[in-house]
Amino acid sequence: MALPVAEWQARTARLWAALDPTLRERLAAASLDDAVRLGCDLLRGEEEEEAALARLCHRARTDKEPEAASWYREQGNREFKRGRYQAALRLYSKAASHELPGSPEVSVCFANRSAALLHLGHFEVCLEDIARAESHGYPDRLLPKVLLRKAECLLCLERLQEAQDILGVLESKIALDGVMTTHLTRLKKLSQLKVKLSEKQRCPEPAGEARGGIQGEPEIWEENSSISGASSSLSLSFDADRGRHLVASQDIMPGQSLVKEEAFVSVLCPGESLPLQDGDTAWDTRATNVDLYCHCCLRQLLASVPCQGCSYAKYCSQDCADVAWQQYHRTECSLGALLLTLGVFCHVALRTVLLAGFPEVSRLVAWSHRGGKNLQSPEARCKPLSDAGAGSRGIPGCGSNGRYQSSYQALFHLLPHTEQHSPEHKFLCTLSVVAICKQLQAAGLEAAVLNQESPQQRSKPKTCEKTSDELSPELKTVAEAMLRHVLQLQCNAQAITVMQELGPGDGAVVDKKPVRLATAFFPVLSLLNHSCCPNTSVSFSGTAATVRASQPISSGQEVLHCYGPHWCRMRVAERQQLLSQYFFECRCRACLQELESGVQSVMSIRNSFCCPKCQAQMQGEEDTLCCSNEACATSASRDHLSGRLQDLQQQIKKALDLLRVGKADQAVKMLLKCQMDAGTFLSPEHLLMGEMEDHLAQVYATLGKWQEAARHLKKSIEIVEMHHGPSSVETGHELFKLAQILFNGFAVSEALSTIQRAEGILSVHFGPQSAQIQELQEMKACLSELPRNILQRT
């Protein structure tokens, strides 16, 4: 959720409508600092608005709640008893995040979680959780249980001496207890572990060669001397129409890395919905982004380390927790519910200011007051670096040495488009950032924001210290910088995406889709202009972005990135409407061809309705569509056909729900019926026809019918290639799934050729070190090791 919750948007809209027309005009034309000042005046003493915002924040609780912890732990125990260890693991993590730090209860959460980790085979992480349990005061009477678990982990990790030491401690502890009957089960387990230890010590396993992941060829990379994180094959240029942009300074080949940039700031998107609604009596067991990814580095979580102050923030390690606390979370911790209510854009804006530091923020805000009118003039911007020499020092975002760096200065110079935003939107953003700054002041966090804390103050959560209702001049400066960043984000926010598994992820064929994980600022990546037919592909690893050429780029050609609506997925009119949020009219090659020719795009034809009688294309711009076959002359209502399409999509969703609950046979029947229905009114090349082939392949793979699965997936690939092209990332993903099916179906020769083709496409878009490439290489190595006579027969 980028913007504030709907209720706060509606409330600010009513406030805007109730303003005096003269004041609305002033706000509409106000500069950023004037807007903040007027916003402060409007919210001063408005207890009703503060109370309304507090009520909204109550729905997004982020405080520690021991009752919630107890409930989550009980749910985890139930899942554990059922053998659902992955579900138990996540529920124990939720429980730990709600327990008070240092309490015996949190130690039990870590101990319980260590049991789930042991069953899942994560022995090193299991040992870490056991150590956490011990450090948080795990009850002495329960210690033999975790010591047995610790010894078992050490045995599995071949750390035999440590295992022997733990078993000795355990024997002594049980002997001292005196009541031997309470330990009968543990004594039996202990004797079994001692036998295992003895066997391992007598017959150590041969060392053999370590088989780690197969490593691809290292990428050749030479960094640009004038643009941080960019390849030496690029140069920075400027013209009045395109602003700052990147151009190839030499011929570039597909797959070549062009930009490698760490996000200046990133904020995890919370997920589908807020955990609690008014009147709820139970807590949500669903796992969202908040539970699955580290709030600092964005890497996938296994056993999260909870924040000591709130129940929201979770980290992959204590190191990440410490870094986050020192850099920004000590300020954000008590504001969690407010930030969730006011949206990710406001959260990114606050964190940007905290990471930059108040001295740098204050310096640039003051500079904008002195020369702000020149920020958007061509004279104040850039010339090509190749022409510039000392003149390049005038490029916004460049340092005094003329180098464009991924820095706060570069981020600050991204255009906020203050004049283009609607007055109502600016009003919403202004009141939201002012509300955050008022809360910072009321909670006694101003010193933290202004970098005026002592190290002792930084180590403990803040208590509420209600101060004056008037914002200090420093916090008004912070509010102005935040307002600038919120407005910048509409055109410069970058979605960090991750390939996420659909379904339980325990099948032979894993289906994945890209999902938005976080919102971030990438100052160098923001230099790339949009095209509906881009020549680059962007991938992410944690908080780092890599831009690669997806096709040959000639020297002098602009390097382009797609902001969202690709020409393959949407008609030009729809694309132009979506792109209007960026305050420009797209004039890329795909748009111009479609607009100037006046001919219906190939994409529109392929995704068209067909005649229910003769299957020819239905055409027309009005509500009534007519068959293109003059001999047929059938007509149909566009609304009627669109309704059939929506009904079909609902039926497909129901079929997939059946598959998720293990009813594959019923899912096949429903999908085959959907396919027959679709054939009566959709073009054979319609993308939904391809999606149904993909779903059928997935169901047949679940049933172990590999040949049938491969047949359907090949049909899906044909349609995907028609829409996206044979070298597209979409085709690469489909080929990856086909490789999995052929591998599991033991179609060796065809699997090897499919692996080779998938590897060629995906390495261009994601690089040779990506997880999918590694998996393809492992499949290829496994197949290549088969005896020659088997390879010849298949």
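Heads up, the Cβ atoms here are built off N, Cα and C, so glycines get one too.
Since the structure is predicted, the reported quantities are computational estimates derived from the model, not experimental observations.
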Which listed span TrEMBL calls coiled coil, if the choices are 78-105, 190-217, 386-413, 638-665: 638-665
Three-state composition of the domain 'MYND-type' (294-333), taking helix and strand from DSSP: 16 helix, 5 strand, 19 coil
Same-chain residues at least 6 beyond the ends of the coiled coil (638-665) whose Cβ lies under 8 Å from its Cβ atoms: 503-504, 609, 618, 620, 622-625, 671, 673-674, 677-678, 681-682, 688, 691-692, 695, 698-699, 702-703
